[in-house]
Amino acid sequence: GTPQKYDPTFKGPIYDRGCTDIVCCVLLVVAIVGYVVVGVVAWTHGDPRKVIHPTDSRGQFCGQQGTPNEYGPGPSGHSPNSLRNVGLQPTPPCPPPVQICVSKCPDRYMTYMTSHGNAAALEYYRNFCAPEFKGSRKAPLEVLKDKECPAMLIPSTPLARRCFPAIQAKKGVIMVGNETTYDDGRGQRRNVTELLEGAKKANVVLETRQLAMKIFEDYTVSWYWIIIGLVIAMVASLVFIVLLRFLAGIMVWVMIVMVILVLGYGIFHCYMEYAKLKGEAGSDVSLTDLGFQTDLRVYLHLRQTWLAFLIILCVLELVIVLLLVFLRKRILIAIALIKEASRAVGHVMSSLLFPLCTFFLLCLCIAYWASTAVFLSTSNEAVYKVFNESACPFSGQTCKPETFNASNVTKLCPDAQCLFAFYGGETAYHKYLIVLQFFNVFMFFWLANFVIALGQVTLAGAFASYYWAFKKPDDMPAFPLFSAFGRALRCVREPRRGGRGASGRLCPSNRGRSVPRYHTGSLAFGSLVLAIVQVIRVTLEYLDHRLKAAENKFAKFLLSCLKCCFWCLEKFIKFLNRNAYIMIAIYGTNFCTSARNAFFLLMRNIIRVAVLDKVTDFLFFLGKLLIVGSVGILAFFFFTQRIKLVQDTAPPLNYYWVPILTVIVGSYLIAHGFFSVYGMCVDTLFLCFLEDLERNDGSAEKPYFMSQDLRKLLKKTNKGQPEA
């Protein structure tokens, strides 16, 4: 934890770098190769159609080309007699519900018992029977017993390629096909409300689909106005960052004055309430005598309550004033660093677009993870089981429909059937599917954190090159962002040029040697540690979800404590990683060394860290509030046609909140992207500033690299250098 020893050759982000954390780099490459192999295996065995398309009782897809149930362009789904069991997986020996692929859903009430004697009705009815149904050759009871046809048909509507009862409400009365009762196929009349439970979720999905269609229509007529709103948010974010160079100090001091005034008003109000209650009956009752009251307004009639408020606010006012007196200089340093960060971003404008690269890589990680997860979850094969109504020694055993009729099972158990039970598998691949899913989640976290780390170390290298340029910006590399990206990942060979900048000092960008410059291993190390903690947190959340119905209070308490601890640990590791990546960008050391040096450097300046953190948090909060609030209000007045100048321009909408919320969320993401770059710049300059103070003393041999404003603020000078 000792300060860095002076290195006379150090002029900023070093270029003579070697590979760091090679083991982690190799481990990452091996893991990525394994991840690709898992993806290929999943894509070979998986079939996403199992998620999208329904199947019949034999596990065959409905309405798909190349399957026995191939139909035309019309919707296909399940027969009504399986509606109440849609989504349920049967458990042997109970037979599964009969599911039949149909070309269209039924549109009328019918029962097989009343239709088998009518040729026209039977012809319509057979559209909803199994392929092996041969017409009226069998007795009706045998057809129903063999489950070749459903006992009844109900007017249904297609939804997600399945048929659900067409339930509607007229004047508060639940109806299906304009009827309130139906024949259950056994000669009994039933109320349609009995169908509600089975189709409740279907109606929710149907309403959701209708809502989604209206939202989609709103997007089709307002998308260009949404883009205009997002462009306005982008311009406003850029303007705010530029203005911070001039207005950061004013904003911070106005905020402090407002807090002091608000606390002062609170103290005055509490004193007036305390004085007003003097002499009123019951106002002198103590809080102890009153006890706990569910109606909190009762406490506002006690003088003791307002006295407590008065004391608390006075203490807060005193603390803020004392902090302002003793930390004034540190607040000024924080303001100066924020202004300097605005200048640095101005010299490295390409950094504002770099989050797009990070966002694109994150989208690739998410897409690969999601597609692999879907293919893994649909890698199971159709499993068929023996089902029967009488006692049978083969009941529940696995069978093959192709050879079932020729097997001994049908001879020993005449009523046995080989029916589709569920999707599963008994091979080694199927047994380890859960392990592959876990590996998929782990690799997603690792790669996502690696992409974020790559963005952070690249930005840190670019902004560090700005700080350590003795004469800014003349001594900076021509393309600092690309130079920093190369130092993070690529091996670059540069001739030893030994050029000098405008200051006459050796430019850091010209001191390169023919050496590899890799930090992939260090980034992989930091992201691996964070990924492990995040996977543990996901596992704890999964256990908490599974234990919700449990009555073990100790287990719940222990789980809550673990979740809290790992949440704190994740926040700490993110903070440590961020600063470690900055040190990696500056010194090129390995992850552990960089993390240790960054941590102890910050601990030696903990008060400055706290002040800078709170000041930047306030400015970022204010910036996001101004940008998102302004653009959101503008979008509200525009899309609700309250701006008379453009009243006729606003598109007609089903829900005006759709484009408004889209603009607000998009504006927040844009502002967050800009401020994340700005925040990385502030953190990098702050660490460089602390390093500068500990390394240098202003002499000709060890001059300060900080800006002239910071030197004036700290009353430090560079000997031999004129001060303006």
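Using N, Cα and C of the backbone, Cβ positions are placed for all residues, glycine too.
Residues or ranges marked as transmembrane segment in TrEMBL: 21-43, 223-243, 250-268, 306-327, 348-370, 443-469, 580-603, 615-639, 655-675. Annotation comment: TrEMBL describes 54-89 as region 'Disordered'.
The transmembrane segment (348-370) is in contact with the transmembrane segment (443-469), judged by 3+ CB-CB distances under 8 Å for residue pairs 6 or more apart in sequence. Ranked by Cβ pairs under 8 Å to the transmembrane segment (21-43), the stretches 223-243, 250-268, 306-327, 580-603 are led by 580-603. Note: the stretches the transmembrane segment (615-639) and the transmembrane segment (250-268) are in contact (3+ CB pairs below 8 A, sequence gap of 6 or more).
Counting only same-chain residues 6+ beyond the ends of the transmembrane segment (223-243), those with a CB under 8 A from a CB of the stretch are 342, 345-346, 352, 623, 626-628, 630-631, 634-635, 638-639, 650-651, 659, 662-663, 666-667, 670-671, 674-675, 678.
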